[in-house]
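Annotation source TrEMBL lists active site, proton acceptor at His77. Look at TrEMBL and you will find Asp78, Val81, Gly83, Asp85, Ser87, Glu102 tagged as Ca(2+) 1 binding site. Taken from TrEMBL, the feature substrate binding site applies to Pro177. Summarising the annotation, TrEMBL assigns heme b binding site to His207. Summarising the annotation, TrEMBL assigns Ca(2+) 2 binding site to Asp255, Thr258, Asp263. Positions annotated as disulfide bond by TrEMBL: Cys46-Cys129, Cys79-Cys84, Cys135-Cys331, Cys214-Cys241. What TrEMBL lists as signal peptide is 1-35. Per TrEMBL, the feature site 'Transition state stabilizer' maps to Arg73.
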Amino acid sequence: MSRPRTSSVCQLIVLPILLLSWIVVLFSFAPWAEAQLQVGYYNHTCPSAERLIRTIVLASIRRDPGNGPGLVRLFFHDCFVRGCDASVLLDTAPGSNATSVEKASQANTPSLRGFSVIDRAKRVLERRCHGTVSCADIVALAARDATGIMGGVQFAMPSGRRDGRASNVSDVLNSLPPPFANASMLVGSFAAKNLTADDMVTLSGAHSFGRSHCSVFSFRLYPQIAADMNATYGRFLRRRCPAATGRRDRVVDLDPKTELLLDNQYYRNVQTREVLFPSDVTLLSQNDTAALVDLYASNRTAWKVRFAEAMVKMGNLDVLTGDQGEIRRFCNRVN
Ligand code: HEM
């Protein structure tokens with residue numbers, strides 16, 4: 001008789017503890033526990049927000065297709081530096097040091113583009129739903145739309161980000177990988193953002209559209225064409241990027257084959273070493289990254305699916321939510 005009573009007492013004490021710890025574990029691993037962002041975040045507060053952003057992005061790409069790659073890169077440069085908080089959009093406050101903001105970094109000036117598209121979307125959204133849609137969300141949704149329009153990769157982008165109040169030029173080169181990075185530097189720089197080597201290879205596929213300035217990679221053309229660059233491609237690039245260009249920094253397409261399409265052609269270019277940066281060709285130097293290059297080169301759908309997932313994952317980087325940060329009135333300055 002006494003034995004069943006002891007065990008039921010034990011059960012009374014132990015079971016709730018087990019249940020509680022199970023709930024704690026469940027919640028700490030549940031995706032909704034970490035991501036406070038939501039798909040359709042503006043459905044009630046500004047129902048036309050996503051449609052308006054898409055319309056503006058589409059019009060901007062029709063006017064100048066360079067806006068598409070520009071917006072995708074803007075999203076990357078925003079999220080990697082202080083998180084996706086639109087800090088990349090801030091101008092220097094009047095009276096302070098003109099070279100102090102992220103925008104002024106050599107990684108962003110003069111190459112980053114798409115700012116005017118974000119400003120136009122913000123103006124329209126402020127008229128429609130004053131003080132509601134953050135600049136950080138506009139950057140993320142515009143990058144998603146550019147991906148859809150130029151790559152046919154459709155996906156839902158969660159929103160609910162708020163805008164940061166700070167931007168420091170010194171954060172940029174510490175956070176973004178340089179174009180001369182080798183594979184382990186790239187893996188390390190993405191790992192610092194909780195992104196995997198697979199995410200890095202997958203997101204590098206964005207180098208299948210858009211452009212680069214010659215100054216970024218001319219060290220691979222002169223005095224000799226780099227050993228790890230396709231020689232024919234190197235000679236083609238030399239004509240586009242002459243050694244003595246004076247002060248003019250010309251631009252060339254990142255993808256010599258399908259420059260207006262965001263597609264898996266990038267991975268074929270890596271395989272044939274027809275890519276501009278050491279950070280591209282280095283993907284062949286490690287077994288795991290090279291295997292993924294081969295997979296994506298031959299399987300466009302696999303890359304598209306993973307690219308969409310990786311963009312959403314990047315969009316979660318150190319986001320401000322709830323009562324953190326603010327909803328800026330103008331994307332280029334804090335309220
Ligand atoms: C893996 C490390 C990366 C390095 C070292 C790198 C470096 C660069 C450089 C140097 C340029 C040329 C800028 C210019 O001179 O105009 C460029 C362009 C570009 N990058 Fe990356 N990038 C990386 C990853 C990414 C990622 C993750 C994305 C987005 C998902 C991205 C999207 C782009 C796009 C779309 C362009 C063309 C921009 C335009 O046409 O305006 N890059 N990148």
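Just so you know, glycine gets a Cβ as well, placed from its N, Cα and C.
Recorded features from TrEMBL, shown on the structure.
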residue	record	DSSP class
Asp78	Ca(2+) 1 binding site	helix
Gly83	Ca(2+) 1 binding site	coil
Pro177	substrate binding site	coil
Cys214	disulfide bond	helix
Cys241	disulfide bond	coil
Thr258	Ca(2+) 2 binding site	coil
Asp263	Ca(2+) 2 binding site	coil
* Going by Cα-Cα distance, pick out whichever of the recorded positions Asp78, Cys84, Cys214, Thr258, Cys331 is nearest to Pro177 (substrate binding site). => Asp78
* Asked: How long is the line from the C-alpha of Cys135 (disulfide bond) to the C-alpha of Asp78 (Ca(2+) 1 binding site), rounded to the nearest angstrom?
  -> 11
* Asked: Among Arg73, Cys79, Gly83, Pro177, Cys241, which recorded positions lie by ligand 1, judged by Cβ under 6 Å to any atom?
  -> Arg73, Pro177
* Position of peak Cβ density within 10 Å, selected from the recorded positions Val81, Cys84, Cys129, Cys241 -> Cys84
* Of all the disulfide-bonded residues given, Cys46, Cys214, which has the fewest Cβ neighbours within 10 Å once its own Cβ is left out? -> Cys46
* Asked: Restricting the comparison to the recorded positions His77, His207, Thr258, which residue's C-alpha is spatially nearest the C-alpha of Glu102 (Ca(2+) 1 binding site)?
  -> His77
* Compare the Cα of Asp78 (Ca(2+) 1 binding site) against each of the recorded positions Cys46, Cys214, Asp263, Cys331 and report the nearest. => Cys331
* Cβ-based neighbourhood (8 Å from the centroid) of the Ca(2+) 2 site, residues Asp255, Thr258, Asp263 excluded -> Ser208, Phe209, Lys257, Glu259, Leu260, Leu261, Leu262, Asn264, Gln265, Tyr266
* Asked: When the Cα of Cys214 (disulfide bond) is compared with the Cα of each of the binding-site residues Asp85, Asp255, Thr258, Asp263, which one is closest?
  -> Asp255
* To do: Within 10 Å of His77 (active site, proton acceptor) by C-alpha distance: pick out those among the recorded positions Cys46, His207, Asp255, Cys331, and say none if nothing qualifies.
  => none
* **Environment of Asp78, Val81, Gly83, Asp85, Ser87, Glu102, the listed Ca(2+) 1 site - residues of the same chain whose CB lies within 8 A of the CB centroid** => His77, Cys79, Phe80, Arg82, Cys84, Ala86, Val88, Gly164, Ser167, Asp171
